[in-house]
């Protein structure tokens, strides 16, 4: 029985061998970085799956510790702030500015080499769970929504597939 567990662990680790970041889609994301050497932190609206940025101080490659969907905001960036291409892992790999295109078709070969799936494949809500007609026909009674409550036991017992 121990050999089965070790086999499944080795299969799992080889399957996810190239997954360095939690986000595995093909779109540009907002990411937060922390250099493990000098503890410098920074944020960037130009992060990609399994792609590093270089720390300005130490010049070591750092992966984002957090990635989330981009939101339009002017809080962190001003109109004159340029993307430091010499520190961006994607710009280095492509040999050009990583935001020169509107769609991500130019990155198909890069992402296929890293075995990164399309977002449609990795998003469980887009794979035949719901079609547009089901979504249009969903009706919620306000009273049902107000009375819908969860206790802590229900929340602790929820399990989500990753």
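Heads up, residue numbers simply count up from 1 along the chain you see.
In case you wondered, yes, glycine gets a Cβ from its N, Cα and C as well.
Database features, via TrEMBL:
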COMPBIAS  129-139  compositional bias 'Basic and acidic residues'
COMPBIAS  140-155  compositional bias 'Acidic residues'
DOMAIN    28-94  domain '3CxxC-type'
REGION    1-23  region 'Disordered'
REGION    121-162  region 'Disordered'
Seminar exercise, completed: Averaging pLDDT over all residues of the domain '3CxxC-type' (28-94) gives 84
Problem set entry | Secondary structure content of the domain '3CxxC-type' (28-94), with strand meaning DSSP E or B | 6 helix, 21 strand, 40 coil
